[in-house]
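Database features (TrEMBL):
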| type | residues | note |
| --- | --- | --- |
| TRANSMEM | 12-30 | transmembrane segment |
| TRANSMEM | 37-55 | transmembrane segment |
| TRANSMEM | 61-80 | transmembrane segment |
| TRANSMEM | 92-114 | transmembrane segment |
| TRANSMEM | 120-141 | transmembrane segment |
| TRANSMEM | 153-174 | transmembrane segment |
| TRANSMEM | 186-207 | transmembrane segment |
| TRANSMEM | 222-255 | transmembrane segment |
| TRANSMEM | 275-294 | transmembrane segment |
| TRANSMEM | 301-324 | transmembrane segment |
| TRANSMEM | 365-385 | transmembrane segment |
| DOMAIN | 414-531 | domain 'RCK N-terminal' |
| DOMAIN | 577-662 | domain 'RCK C-terminal' |
Amino acid sequence: MLLAAGLQLPFLGELVTLLGAGTAIAYLCYRLRLEPVVGFLLAGVLVGPGGIGLVQNETLIGRMAEIGVILLLFSIGVEFSLEKLARLSRLVLGGGLLQMGATTALVALLLHLLGTTWPVAIFTGTLVALSSTALVMGLLAERGETGSAAGQASLAILIFQDLAAVGLVLLVPLMGGAGGSAADVLFTLVKALLIIGVVLVLARLLIPRLLDYVARTYRHELFLLTVVTLCFGTAFVTGLFGISLALGAFLAGLVVSESPYAEHTLSEILPLRTVFNAMFFMSVGMLLDVRFVLAHPWLVLGIALFIALLKALVTGGSVLALGYGPRVAAVVGLGLAQIGEFSFVLERLGREVGLQPLGRPDGDALFIASAVLLMLATPLLLPAGHRLGRWLEARWPVRLPAELATDGQEATLEDHLILVGYGRDGQHLAWMLRPLQLPMLVIDLDPHRVLEAREAGLPTLLGDASRRAILEAAGIRRAKALVVLIDDRAAAERLVRLAHYLNPTLRIIARAGLLRDVDTLREAGADLVVPEELETPLRLFSHVLDAYGLSAEEVAAEIQALRAENYQAFRHPEQVKHVLSALTQDQLHTREVTVHASAPAVGRTLSELALRPRYGITVLAAYRDGRLIPSPGGDFRVRPGDRLVLVGPAQAFVACSSLFRTPLSAHHARQLGFSEEETAELEKVEPPAQPSR
């Protein structure tokens, strides 16, 4: 009614102000190569009640932030799968449990010794133990380190924290005494588990079928509405029984993750999640009381430094306990030293049941100020972790567990290949090279990958290949080739530069995540750099040229021209000297058709098909069982698997398409959105016309 009357919505001005400030500051952060999350936090601080006060409606922003949390937990549920848990199970359970348990216990013990009650102490410990999944994974992705040993260890610990946060949402009210007596607490837990079980069972029975029916409509907007309804509907149902809305959303996402539509669901929900997550981080910034920080600067700074130091030591120690070296431990420790987004959710929930962080009257303001400060510092802490790791590694030799100790094979290798990075690409390359019996040595920072390589029968070294001692141990001076398949850009550059210095005759082949890294690695000494973001388009490009009838030599020459001089063609397209000229009309009009078993053309001769007299199409050649048959005659009978080389105008191929089309069943036709009339038309087989006399 307000809109119809031409009146302003009462909250619209504040919402536009907040979004505008968030967009502007996030763009400024982008230009400064900082995470957008930092911009959202600063925007909330600037325009919120603790800043210049342009936005005062904290209730509205808080509600939108809660929507962001629900969408975040739903998407985490979709991304989380049993397969991912199995792959990182040792890291998730071992590293995550050790990190969260030790951090919570140390903080709780310290606060209790200072006079805080156990419930408040444990509550504060859980808030401190959590780290920011959105911030850390965003920074690792920006640096190209998600696939590195430090990236995988960080991901595993963050997965455990996210799962633990879901459970803490249920336990915080009990810590605050909202659950009553021990019997009441037990009853609440049992009731919650039963409700969760019922919701999971019903969701597994209904959600996949519902998504299947909706997906068959091929309507983008209908699928999106269904996903949003499932997310908030499940959250609403669990909320009716006194269980967290966020937990309900997570359960819905977990069910979707096991369906064939998980990736599609995530892609649909991602834009909504991005908008509302931005609102969440801006709402966190609005919580910061700038006047409190100015009044107690040293206290806020001291608490923030204590939290960062404690978490860095505990998290780093947890990673060391799993067999990683000091460099990985330092990167993960400092990278996860901030407070997580779920800590703010739990802090707000705890406040509602009388739990005050740190056991102080101003504990909420002190905790929020320290947490926001640590989030803002995270983009600086992660690179500091790399520097600290290199310093520690130079002074703290890695002691390998017995199962990772080298067996001495590397000392006898000559003219061998050194493969640095035994991830997916490294494993595939090693498997393809195995029949050649090529002498090979694998180096990786991840002890689990080293064990996999050892089990595959390959000589291995655990360590940072960008360190001289590791390369010397690998026999770098006697090696013939080096393949670098690591995601850490800075480490890859150091490795290539050092390897080239130690063995100038070494053939160095490196993988680059981005085009901008190609020149850096070539300048460092790599003979060949393969950028991931371009090689896939180049392979597709070669297949397209092949489809248009170009020879293998012509395709290879054009690909070589595009790869020349470190892929300069992609930086300066106007300077490229293409080998190929425009395609000829014959190339455009030539098509190669593979005849499928159920095509109407099968079993008929070329005379019966009457391709030339009826459609104007000439059969230039046929391939059968690997044998070329040039200019087949009219008595050539088409068989399944034949490849026919045809030439003719485009409209002729449209006219004769029914001869080579695999008929659709009525079921598949309806799935693809055809009407009954179109389905009947598609299944018709036109009788071959007799040649005109």
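Using N, Cα and C of the backbone, Cβ positions are placed for all residues, glycine too.
Recorded stretches compared: 12-30, 37-55, 153-174, 275-294, 365-385; the one with the most Cβ pairs under 8 Å to the transmembrane segment (61-80) is 275-294. Listed as Cβ neighbours of the transmembrane segment (275-294) (distance under 8 Å, sequence separation of 6 or more from its ends, same chain) are residues 18-19, 22, 26, 36-37, 40-51, 55, 58, 61-62, 64-65, 67-69, 71-72, 134, 300, 341, 344, 362, 365-366, 368-369, 371-372. Segment contact holds for the transmembrane segment (365-385) and the transmembrane segment (37-55), given three or more CB pairs below 8 angstroms at sequence separation of 6 or more. When the domain 'RCK C-terminal' (577-662) is classified with DSSP, helix, strand and coil residues number 24 helix, 23 strand, 39 coil. Per-residue confidence over the domain 'RCK C-terminal' (577-662) averages 78 (mean pLDDT, predicted model).
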